[in-house]
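For reference, the structure is listed below as structure tokens.
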């Protein structure tokens, strides 16, 4: 069977339609992509001169693309030739459109890098020039600010600061006039205080509540104001066109030196005027310069005011220091004069007291009639009271100037109370008073404190009890104060603090004497107090005793008070003092202190060779009389050279006054120690002096002396001294 089929010369219709469809799609795609590229170009090249041409070309291409896109749905049957031509045209259009789109991708960067880039760079260069000009202006402004700040702060005188500010601003900104208005003391007006050209009289005032002033004060920037406003009328009237005027506020950060009061915010007003008959105007950088200078002026004025105040305070402080230094030197001179006077009076008074007491005690040992013995005992009693008064005056003087310090040592507390009892009993027996001593079982035997001051306090209190009691009894009670008995409601300032290292000793002295009225009790601790009771007046008052007792008790961190139910009902003196607890080591190293006692093993010292050196002839004779009465072999000298020549190994004791004007007793002691190299061959060196200064005792110990004895010395005291000295070879009486 024969087939009539033949291979077609051209592609089938379906294939042609397929090619057209694909071509239309790519043509539309290319048409729509080209406008997007043009839009990108226009956006990136804002200075492109043919922007509207590109917009029109893009719109044309979009329309063409839309036509081809619509054509996808409008295909109709055509002859083969027409279809071939249409297909060929569309293929060529697609190829050219895609090539154009691809070409534009490469052309756009070239266009941007040639002519258009050149215009862009020119515009950028012009913009950079403007920025550089602004930077140069700012640098120039900064330079002017630094220069003005340096000139302003080169002085701390506020008048110079303000005048310099006007001068430098006028020179820098070429101003016609510059002025500063300062607030008055009332705060209601501004006063023309400083001007550059001084064309207006200084002192002219304007109300502070003017609208233009409120406008400037309410702004932190420089404000342009009218040349015709009151604060801007800085030149005499004339036929000229005034220049522009600006005003700026100047904060017054420190106001005391401007004599301004009761105004919360204070400002001065600075007015600046450009030259007249000129077209010059204020530039921004000039206004900024004015604002910065106003702030710098405010800071400089604050510093100047603070400096003025500090200088005034310094001058006042210097005046006060000069006055205080003068007062201090006067006080020191007065204290030295008083101390020198007391030292001289102490020595000079103790020397005759030594003679009186010594000779009276010697006279008491002789055969006397009852009337004579009573007179001698009265002399001794009065002399002892006078000695106590001398000691009290010296102690009070030291207490008042703060030079008295406690001498803390370990001592026997029981022995101290027994000695007080032995001392007071003979005086109380004269008035037929019974004196009892009660020591609590828990009272420690040894304590650490100032034994002499404690004994002096107890003796003063017990002595007052004896003094103001005509009959009856006196009881002395001592015990360790418990916590509940430490506080006294009448002394809230007394705060005892218990501790394991110390305890509080409570001493009560109760008498059956005349008693004290309650209103008189606070007066008892004042010097030479005398109450209203007849018994007290007859007894002569309390003297210095209780006043000194109170000072001693305060030094020992204690408290003292007196209780009495009234006149005729007796009284009780109570004091509490703080004492340290003695350990075993301290007990084993107790220093020996001389105690005046009548019970000694030796009552006479036959053949004991004693050398006495004293420049005072009366004192030498008195001391010799005491020693001779005790059986001693006495040699007397009046100078240091004679003492060094006479002293020998035969002398067992050398009594010398080391505080004699013109004689260096300490040097004599050193030379005597050098003369006798062996301790057994050297005599005991003892200072017999009327100087109660603690430094004298320390100097005696420093040069190696064996003891210090204070004048006056009675026969019993001399007997006790020699007995203790020979037994212990050491004796330092408490000072």
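Just so you know, glycine gets a Cβ as well, placed from its N, Cα and C.
Given the structure is predicted, the values throughout are model-derived calculations rather than measurements.
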Out of 91-112, 113-134, let me know the one TrEMBL marks transmembrane segment.
91-112
Which ones in the same chain are close to residue 511 (ADP binding site), with CB under 8 Å and 6+ residues apart in sequence?
465, 466, 468, 469, 472, 473, 474, 570, 571, 572
Residue among binding-site residues 465, 466, 546 with least C-beta crowding, 10 angstrom cut-off:
466
In whole Å, how far does the CA atom of residue 657 (4-aspartylphosphate) lie from that of residue 546 (ADP binding site)?
32
Taking 467, 711 as the recorded positions to compare, which has the smallest set of other Cβ atoms within 10 Å?
467
For residue 464 (ADP binding site), the number of other Cβ atoms found within 10 Å of its own Cβ:
23
Can you count the other CB atoms that lie within 10 A of the CB of residue 657 (4-aspartylphosphate)?
23
Mean pLDDT over the domain 'Histidine kinase' (344-583): what is the value?
79
